[in-house]
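Below: the structure, in C-alpha cells.
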C-alpha cells in the first residue's frame, strides 16, 4: 500500500474507531496561550477532571501582551486578568509556562520550534488556527476550539474526521526576492481561502525542498488561510539539523531511533492524493494583498483589479466591498499605493531569518516621513539573536521601533493597532476587515517588501529596490 | 449542553460570503475568561455605529429578523481564527441553526460543541432560501434534526446530510469528553504501546 505522510501519521495515532462514533486520535503535543484556554480550565474544574499528561503541554503568553514597557503592569485590566489566570492555571496543573519574565517567552508558534518541542510524525494541537506552522517539521498540527482544548487536556485524544489529502507542488526554483510568504499568498490567490477546506495539504517540489526550516514554517503557517486543516512538509536533512541538540529533541541513543522513524514518514512513491495543485516557482513574483481576504492578492507589478474582472457574482461583490473598505480604485498600480504603517513580526514572519532579510533592506535607509514602522520579534530568543547580530541598531537607525515579543499587530489585541483609515504593510497572515484595528487597512507582504515599503512610503518592487 | 429540539423560527438572512471570525466576534472581546456574555458583541463592528448606537443598515438589526434562531449566510462562513468565542457569541445571541453552502473547518467543529447545527446546502438551495426570505422577511422555517429536514412555507424545504455521531450528540446534548472517557482503557493501552514505539516522546 502506498501511503501519504498524512495517512501514516493518522494510522499511527488511531486509538479507537468505535461503531457510530468519530475515530479517536491521540495527541502528542498540546500548545497553549492565554486567550483560548481559560474557559477550558474552567470546564475541567467544573467537572472535576484532571490534565492527563501535563508533560505534553507547553504554554506561553503572547496574544494580549504589551510589546513595550514590559516592566510595568499591563495597563488593560482585562488583559492583565487573562495573563494572571493563565499563570494560575499553569501552576495549578503543573504545566510548563514561558511567562512574560521568562527568557523563552514569545509567540507560541515561534517559541515551540526554538525548543524542539515538536518532532516529525507527531500529532500537535493548539487553540490557535496557526498551529499549522508545525507541519513544517512533518508533524500533523492543527488548530482547535476551546472545548477541544478541554477535551485534549482531559483525555489526550480528539474525535476527528479523516481529512482528504491535497498535494501542492511548487516546481522549479523560486526567483530571487520571492520568498515562502510569496509562495503561500500565490497558492491562496490560486485556490482561494476555501480551496483547501476538508483537506490536509502536503507541500512538495523543488522550491519547497530549497526552503529553510523558517521558510517552511511561514508556508505551513498559512495553510489555514487556504482553508486547509493542516499543512505538511516531508522531513529531511534540514529538519533533522534544525532539531538536533534542542532542549526537547531526542538525545543520545534515542536520536538514532527517532531518525529511523522520521525517515519512514515521507509519502510513498505513487501515494494517491485526492487533489493535486501545481505552480511554477518561476511565476511567483513578490505578492501584495489588495483586499480584505488573503485570496485577494496579486504580484507587486500588478494593478488593483476591478470587480468586472471576476467571473462570478460572489467574487465581484467581494471585490466591490473590499475596494470600498480598502479605499482603493481599480487599475491603481500596486506600487502607487501609499502606506502609513509597517509591521514586521507574527507567527508567520517573526523569526530571525525574517529580521535578517528585512534589516538588509532597511540598512542605510530612513523610514519615509509620516510612517510608523515597528519590528516585533517573535520571541526573546529572536530578539536577543538579532541584537547580537546588530540588527536592532539597523532598524533603530532607520527610524523603526524595536519592540518586545508578542502577537502584537497581527491581531491587535494588545493595544498595538491601526487607527481608522490607516494603511499598513504587514508581514502577518490576515487582512480581514478590522483585523489590525477598526477601519484599519492591511496589505500582506513578505518582510523584505515591508522594509522596502517603509523606506519608500509606498509599495515598491523589491526586485528594483535600492 | 441543551439537547437540540425540533423548532420553528424566523430565518435571518446575511447575504455575505467569507464572513470571518474576526467579524463574528472582534478581538477586543476575546480577553474575557468566562464563556458567557459574548452575544452582546456578535458582529460588533457591523452591528454598531462608532457612537455605540445600532447600525440600521446591518441585516440583523432589521426588526423583521428579531428573535431569529436560524441564520442563513453566504459561502465559507466562519473562516479565519479558531476562536470558539465565535460560536459562543452566535449561540448566546440566540441562534441555534446556521444554513450555508460551506463552513471553515474549525468553526464547523466548534458549532457542534455549543449546540449549534450548521446545515450545508447546495448553491441553488441557498439561492432559493435567500429569495424566499427576501420576498417575505420574517418568514419562519421549521428545522427537524431528527428527520434531517428543513420545511419552509414557500416550498423550498429540503433534507440535509449530517454525520450521525454529531447528530446524536446534538440531539442528546451529550458531553463529548464523557463519551471519549468511556474508552479510557483503550487510551491507556495505546499509551503503553506508544511509549514502547516512541520512547523519546516520553522522556521528561
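Note that Cβ sites are derived from N, Cα and C of the backbone, with glycine treated the same way.
According to TrEMBL, the [4Fe-4S] cluster binding site annotation covers A:347, A:407, A:410. Look at residue A:347 ([4Fe-4S] cluster binding site): DSSP puts it in a helix. Neighbour count (other Cβ atoms within 10 Å of the Cβ, all protein chains): 28 for residue A:347 ([4Fe-4S] cluster binding site).
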For residue A:410 ([4Fe-4S] cluster binding site), what is the tally of other C-beta atoms lying within 10 angstroms of its C-beta?
29
Other CB atoms within 10 A, centred on residue A:407 ([4Fe-4S] cluster binding site)
33
CB-centroid shell, 8 A cutoff, [4Fe-4S] cluster site A:347, A:407, A:410, site residues removed:
A:62, A:63, A:107, A:109, A:130, A:345, A:346, A:348, A:350, A:378, A:406, A:408, A:411, A:428, A:429
